[in-house]
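**Q** Please find one structure pasted underneath; my questions will follow.
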Amino acid sequence: MGSVQLNGSGLVASLSPNHIFRHKARLSNSKSSLLCSRHNVTRVKSIRAISTAPASQPPVADEQDDEPPAVDFAFVHSVLLPDGTPDVHWRRACGGQKLRDIMLDSNIELYGPYSKPLSNCAGVGTCATCMVEIVNGKELLDPRTDIEKEKLKRKPKNWRLACQTNVGNPDSTGLVFIQQLPEWKAHEWNIPRNLPVDDPETST
């Protein structure tokens, strides 16, 4: 099993001391850059990893003076790419929404084997099949709800239910790294000690 390392500049997949890749992703078409209103997220036609360049940074849409505040997301799939590097999908959405809605509206896999009708509770918090691991950016999320505390009491503290997790407010900005389908992931996370990791139980 490989490991994925997170640092201040981006994602690094570490399979051996000599096998380190840093990934950069970008919007494949400038016309499909994300613009969000206060309560929705628009979809991108395609987002793909394009290089393994050093010192990569999260992709940003072309800066515009009138662009509304938005939160950037790095969603990491549970299955690594054939070359052993992380499969990262970048998205941007307005804050003030449920994480579940952002993921589904952005075509990000959430339920895995539980995606069929009647295999999940459709977002009411009773089935606990929408678990995600918040690798970094917990300060942009609200604290665990009572439902999460009950359903996830045997899980790590940085695991959340997407249907119960609110992402900031409409004025929020920042970056959140999210591990999809943490129970099925083929890698482990290594987070350097100097990278701040906030406790979701105490963040506001």
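Cβ coordinates are placed from backbone N, Cα and C, and glycine is handled just like the others.
Pasting the relevant annotations from TrEMBL:
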DOMAIN    120-167  domain '2Fe-2S ferredoxin-type'
**Q** Return the average pLDDT for the domain '2Fe-2S ferredoxin-type' (120-167) as a whole number.
**A** 95
**Q** Summarise the domain '2Fe-2S ferredoxin-type' (120-167) by DSSP state, stating how many residues are helix, strand and coil.
**A** 12 helix, 12 strand, 24 coil
